[in-house]
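**Q** Annotation source TrEMBL lists region 'Disordered' at 37-95, 325-353. Feature annotation from TrEMBL assigns compositional bias 'Low complexity' to 57-77. Marked as compositional bias 'Polar residues' by TrEMBL: 86-95. Feature annotation from TrEMBL assigns domain 'TNase-like' to 157-317. The compositional bias 'Basic and acidic residues' annotation in TrEMBL covers 326-353.
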Amino acid sequence: MSLGSVVQACVAVVDTNFALVSHKMPWSDWLWARSKPSNGVPDPSDQTSSDPASPFASGAAQTTSTSNGSGQTKSGGEASADGLHSESSLGFSSKNARGSWESNLNSTDWSHYTSPQTIVASILTTAATLALIRLYKTYLRRIPNVDYLKPGFFRHRSLYGYVTRVGDGDNFHLYHTPGGKLAGWGLLPWRRVQDIKKFKGKTLPVRIAGVDAPERAHWGNPEQPYGNEALEWLRSTLLHRYVRVYPYSRDQYGRMVASVHLRRWLIFRSDVGYEMLKKGWATVYEAKTGSEFGGKEEQYRAAEARAKQKKVGMWQEPGMFGKLLGKKETTESPREYKTRTAAHDRIARQKDK
């Protein structure tokens, strides 16, 4: 057997195996497959000449037949010609092998980007990210003032917050604390609302829906009887406490008209507007437009009727001392008070003209 024949057989085996593997796996996997076959590609080191399908066996058989034939029939001149032919074949095969090797090294395998595992993981990651963004924008983003309330927000969402100021018998200011104590409000050092000194531009003005409390002195008009008492009751009930409000609309003064719920115990919550009517510190809101009751108008009117019957709050009859002070036996409602003062203001403006 000549050296050229042996080299030719080895190159043929390498070319055959590389051609089989290069179309099925990356070059790094092909290198690993030399010692440990993968993906069902045969390893020449584990093949024997007894396997007729093995490329190594084919090459070996070819080598044996070539050596036997050359020993029996070929002369020295023919052997040298075979050597030249073998060298030329070796050079051609080596160039092909080197070209395939370099092209495989420089190629990029994109198949793992389109595998089912990669696609499913990408979809799940994207969906989870979008869900977290929506969760934050819907439930965890703080609303600083009414300018951030979109029309679609009313009647569909509720707000949880801290009452910073009670300015009248039926309105107050709310500092929105999304997530409540679960989000650390009132507990974490940087979320202690009670320690904030200035709330200007950071709160939501709230008008309690469905009720109208006695008016205090403002805009040059005198105070309505029981106006201060209604204010003090609301302050003692809401000030510096956490409440949940259900907004319905926005009134002409830029306030958020909403029903207000205060947690009394661990489970039970009370409707603040209903409690005001029951204790006689407000009347049912009477107006041609802008009335909001949250579906509880009948309950509110029934509570007002019971308060009148029991003569509690603003419906109580003045005693002897009250009569001496000029208190009337019949109570003027907030709506009647507003109508009377508005007429008085119109007359005053006409006189000024």
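Every residue number used here counts from 1 along the chain in the order it is shown.
Heads up, the Cβ atoms here are built off N, Cα and C, so glycines get one too.
All annotation found in TrEMBL is predicted automatically rather than curated by experts.
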**Q** Do you know the DSSP helix, strand and coil residue counts for the compositional bias 'Basic and acidic residues' (326-353)?
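**A** So the counts come to 19 helix, 0 strand, 9 coil.
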**Q** The domain 'TNase-like' (157-317): mean pLDDT?
**A** 91
